[in-house]
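Engineer: Okay, so TrEMBL annotates it like this:
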| type | residues | note |
| --- | --- | --- |
| BINDING | G87, W88, A89, G90, T91, G92, K93, N94 | ATP binding site |
| DOMAIN | 257-312 | domain 'Torsin-1A C-terminal' |
Amino acid sequence: AFDPLSVSVVVGSAAVAWHLLSSDSWLKCHFQECCKRNDTLNFTALKAQLDSRLFGQHLAKDVVLKAVLGFSNNPSPKKPLMLSLHGWAGTGKNFLSQILAENVHPAGLRSKFVHLFLATLHFPHHDQVKLYKEQLQNWIRGNVSACPSSVFIFDEMDKMHPGVIDAIKPFLDYYEEVDGVSYRKAIFIFLSNAGGDLINKAALDFWTSGKRREDIQLKDLEPMLSVGVFNNKNSGLWHSSIIDRNLVDYFVPFLPLEHRHVKMCVRAEMAARGYVVDEEVVQAVADEMTYFPKEQKIYSDKGCKTVQAKLDIHEDL
């Protein structure tokens, strides 16, 4: 016969073990990724990463830091955080979104709670917009149900078919719940080249008038950016109800990068590869980039996008 005491100890131990492995306990989360539900972001760590890894974007860093800090510290936000990042390729939009994702879920883009959508990969066909909208709603609903602090990144918004992104409008609005699910802790990020020309022109106007780049403020760019994107048929947000309902918290401009910023990117890449930073190589790589306007050659037309490839041919140095 079984000793009742022994049986109760075994059953109790099994119950405890089941609880530890079936809930988001420290033991379970030691072996697999768990959803971060109540943790606030480490503002100091996020700022340090942006300062050391993102160059030439004082405005984007300032806006995103303040937006994320306020959102993270709010125990009951009224809606999800919605950021729309705009600027030419190579200016740091993807970089910033990755750093932000890593600070919400440490695994970053490898996290099962961070979801990256590419317009040309996930929504390629114009004649399937209705299907894409249904799939997108189901995907977001299911993932936010599993983790309220899910992060959704939509890249190549300027290649998104008009109307697709409006499918997520109900999840971005000021609702306590939608069909029993609260989306107010989620973060949505749009990445787009749309509006880049407007940003570049504004930056060049500042330079021409003798003003410092660092004096450019959000109020100088955001109003024209939101209107420009709304009226741009190639923005993915053309006449979008998301803009019409003022659901984008911030239109974040990424300024074109100057020669000095490209050099910063080269130094960072060399350090990441474990190289001794050689200023002759830094100068050579930066000089090989192409710049605009044609006469003044102030801004890199590819940002830092081709720095890695350019550095490859200098490895023997």
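In case you wondered, yes, glycine gets a Cβ from its N, Cα and C as well.
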Engineer: Looking at the binding-site residues G87, G90, G92, which one has the fewest other Cβ atoms within 10 Å of its own Cβ?
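Structural biologist: Sparsest of the binding-site residues G87, G90, G92 by Cβ contacts within 10 Å: G90.
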Engineer: Report the member of A89, K93, N94 (the binding-site residues) whose C-beta atom has the most other C-beta atoms within 10 angstroms.
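Structural biologist: Per the Cβ count within 10 Å, the most buried is K93.
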Engineer: Residues other than G87, W88, A89, G90, T91, G92, K93, N94 within 8 Å, Cβ to Cβ centroid, of the ATP site?
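Structural biologist: In sequence order, the nearby non-listed residues are F95, N193, F254, G303, K305.
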Engineer: Can you check which residues sit near W88 (ATP binding site), meaning Cβ under 8 Å from its Cβ, same chain, 6 or more apart in sequence, and list them in order?
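Structural biologist: Non-local contacts for W88 (ATP binding site): N193, G196, I199, N200, F254, P256, D301, K302, G303.
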Engineer: Let's see if you can do this one: DSSP helix, strand and coil counts over the domain 'Torsin-1A C-terminal' (257-312), in that order.
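Structural biologist: Helix/strand/coil tally for the domain 'Torsin-1A C-terminal' (257-312): 30 helix, 5 strand, 21 coil.
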Engineer: Non-local Cβ contacts of T91 (ATP binding site) (under 8 Å, 6 or more apart, same chain)?
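Structural biologist: Correct list: G56, Q57, F254, L255, P256, L257, G303, C304.
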